Amino acid sequence: MGDKEEVLEAVLKETVDLENVPIEEVFESLRCSREGLTTEAADERLALFGHNKLEEKKESKFLKFLGFMWNPLSWVMEAAAIMAIALANGGGKPPDWQDFVGIITLLVINSTISFIEENNAGNAAAALMARLAPKAKVLRDGRWGEQDAAILVPGDIISIKLGDIVPADARLLEGDPLKIDQSSLTGESLPVTKGPGDGVYSGSTCKQGELEAVVIATGVHTFFGKAAHLVDTTNHVGHFQQVLTAIGNFCICSIAVGMIIEIVVMYPIQHRAYRPGIDNLLVLLIGGIPIAMPTVLSVTMAIGSHRLSQQGAITKRMTAIEEMAGMDVLCSDKTGTLTLNKLTVDKNLIEVFTKGVDADTVVLMAAQASRLENQDAIDAAIVGMLADPKEARAGVREVHFLPFNPTDKRTALTYIDSDGKMHRVSKGAPEQILNLAHNRAEIERRVHAVIDKFAERGLRSLAVAYQEVPEGTKESAGGPWQFMGLMPLFDPPRHDSAETIRRALNLGVNVKMITGDQLAIGKETGRRLGMGTNMYPSSALLGQHKDESIGALPIDDLIEKADGFAGVFPEHKYEIVKRLQARKHICGMTGDGVNDAPALKKADIGIAVADATDAARSASDIVLTEPGLSVIISAVLTSRAIFQRMKNYTIYAVSITIRIVLGFMLLALIWKFDFPPFMVLIIAILNDGTIMTISKDRVKPSPLPDSWKLSEIFATGVVFGSYMAMMTVIFFWAAYKTDFFPRTFGVSTLEKTAHDDFRKLASAIYLQVSIISQALIFVTRSRSWSYVERPGMLLVVAFILAQLVATLIAVYANWSFAAIEGIGWGWAGVIWLYNIVFYIPLDIIKFLIRYALSGRAWDLVIEQRVAFTRQKDFGKEQRELQWAHAQRTLHGLQAPDAKMFPERTHFNELSQMAEEAKRRAEIARLRELHTLKGHVESVVRLKGLDIETIQQAYTV
């Protein structure tokens, strides 16, 4: 035992060169065998070598907390704190300690909330990622089983197959060579062939083959682990961070402009005293900075990410949520996503090509060329046709099994029968099997005719071949291949696929089918699912030998308008995504295999479907834990809701910055009104506490793909902010310069105190600003009238509590240090009424802004539309053009002559493409309908009629 421990210690200290010694010495050095380790021995080694994962840097909690105070928005607040304690120390007054303490308190509160929420989000993310932890097939206690890769130890026997990411450094055992992609480690672009005895590194990907291996190094002792210590992590600035920075910079610049104007006017022109001027500058600094913005947006995404995981979509990076919200094209695999991937074979339809052979023999040969364990869907379907799965190996001894790979597209079994003769059977893609057949020229036409016959019924074809191997060795080429027969495979569509596709089209997401099957199969599936039949063979569009008949047509247009692609190879997926992105589409791509990884990485949202390989999961942004398309569409809706919350807040934040800067700047410059900085702090603290609840607000997702439109955010914020600033200016003028409020409501006048120190007027302005500022969130969060869309209960409760506190402060507070005095309940009621009256136009302003930004207002001017245009005629030309275009492009490879209407914005392009797809889908559905009711509904949808205005009666 002691000798064994010493040997393992030597392995741990890397004094033994396990990479280069003969494989038998590896077993001797690791004190293990080809039968694997026992669980007890593995546990002992785990304690010695540690877990098979890289050590994570432990970050100081305190430094992490302080980190939330180190960003541009916090710097502005910290500058305000320095101003309050240093620059404010003048004019015969002591330093502004209360403002200094208030600012520091606000910073600490915000950082604390950020720290707690991010910590919770981090724990939740860690729990989610644990579900995606890489697995390894390992031999323990004489049995193969799937275990977490983290518990592997040197001496374990593992199995590496196509699509696996190698879980640890290992030496390969006997068998056929593997193709290993080491590009992530060495930069080599082409896969490397690795045979028995060769070493494979942790982190590389198996591109072809299947082989067992013995683990020689784990965790930090692997080649990848050592390299990771030498490389510093790079901070990639994502799009979300860029948006956050842009909005923060806009707010900072707005404050800077306001402060410069105040300094220029107050001191050289108005000759104001030093200290009041500093106080006015502090008001702009403290009130204008959206200090809670990073926290609110990060928390919103973290909570949203958790909700997505509950729906079966785990986000590997939270910023994928914004891309998901903006996705307008989804390229979806047919098999397993649109269909069940539960194949069935109709034995009566099997076509036999060799004399003296019946359908049962073809089935048996196909079963022999299948796996009995770790089966894929095809193997399971074929072996399941036998009365007993053991028949597939009855009376034969397996010599060698060739697993499926994307290049050969077939499996093969070499075996010895009871007479000692060697044979080989193979099943796979008909074209590949046909290439093997010795009589290809004689049977090719019939084979293609049968394939086409199957395809017209939506059936895939599987070919079976047989040969004798007289040489008696597994490496020998063998005798001539006999083409035995063709088997039809049916993969039924999911029960919810058709409805989900219709939902997707209604959401502005154009679903394109991606299938490796024949064009006829793709079209038949598209017809059954109601997604249209405007499909093309990808090789004709993107292959090296393009179809001459479409060579002159614009390929990008055909790809953009297509409902799907057939005969797709992995490299075609990448090209399809690339061309769609070049047309400014936000493209999602589903995938499951190792060869899908490049396309998944290229796509804006790479989606690894349920049961995807490790390589596909590694390359994706979102990993599905449930099969089917409905999970993706539900994730789109949830992502849009999350994005809507973030956009609502950013518009609110910009609006508040403008209203504070413009409003208080005008009060200070026109009437020389000095609002106390401490009260702006109170507004900020109450606002931040309330606005945190927006991360769980009830929102209505956008009906179309959404994205960050900074011009819309800034324009809306400036208009809202300017309107609210003028509300405050008008209120101040009415309360200070007129007797309107005392005369109308019988409240006391504020004019007398105004000549002294503005204390009561300051309380009134504080309450007016506090109420309308927080109420604005109800306007920005809704797409229609704010009082129609019910907000989340948390937001309502937070608003009521915050404004109750604000009202009590304004009514009762007599704070000399803050220069305010209670105004009583009468004035509080007047201010609430004033804000309610001026709140109502905010919704109208919102609609006008949206209308102006959409460009439709300018379209009406340009096209000289008049008010007397009838509703049924409005847009008639566009509908007719769309109808004609859909009819022209439904069949064949015809490119559109021109765009249907002048597209002035990317938004219009997205909705147009989705609208066309909806029409093609409705045409496909029309063919399936045999009732008068269904026919009428389809025609109504196709022609864009308003069903509500048509009085019709029909019977089914």
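Note that Cβ sites are derived from N, Cα and C of the backbone, with glycine treated the same way.
According to Swiss-Prot, the listed position annotated as phosphothreonine out of Thr414, Thr515, Thr889 is Thr889.
Judged by membrane topology as recorded in Swiss-Prot, Glu44 shares a side of the membrane with Gly508.
Within 10 Å of the C-beta atom of Asp333 (active site, 4-aspartylphosphate intermediate) sit 24 other C-beta atoms, taking all shown protein chains into account. Where the transmembrane segment (248-268) meets the stretches 98-118, 648-669, 675-697, 822-842, the count of C-beta pairs under 8 angstroms peaks at 648-669. Away from its own ends, the topological domain 'Cytoplasmic' (781-792) comes close to residues 644-645, 648, 693-694, 696-700, 702, 842-843 of its chain (Cβ-Cβ under 8 Å, at least six residues beyond either end). Between the transmembrane segment (714-734) and the listed ranges 66-85, 98-118, 675-697, 760-780, 793-813, the one holding the most Cβ pairs under 8 Å is 760-780.
At the 8 Å Cβ cutoff, the transmembrane segment (98-118) and the transmembrane segment (675-697) share at least 3 close pairs (sequence separation 6 or more) and count as touching. Counted with DSSP, the topological domain 'Cytoplasmic' (698-713) comes out as 4 helix, 0 strand, 12 coil. Here the topological domain 'Cytoplasmic' (698-713) has Cβ contacts under 8 Å with residues 239, 243, 246-247, 322, 325-328, 506-509, 586, 637-638, 640-641, 643-645, 647-648, 650-651, 654, 781-783, 789-792, 853, 907, 910-911, 914 of the same chain, all six or more residues outside its ends.
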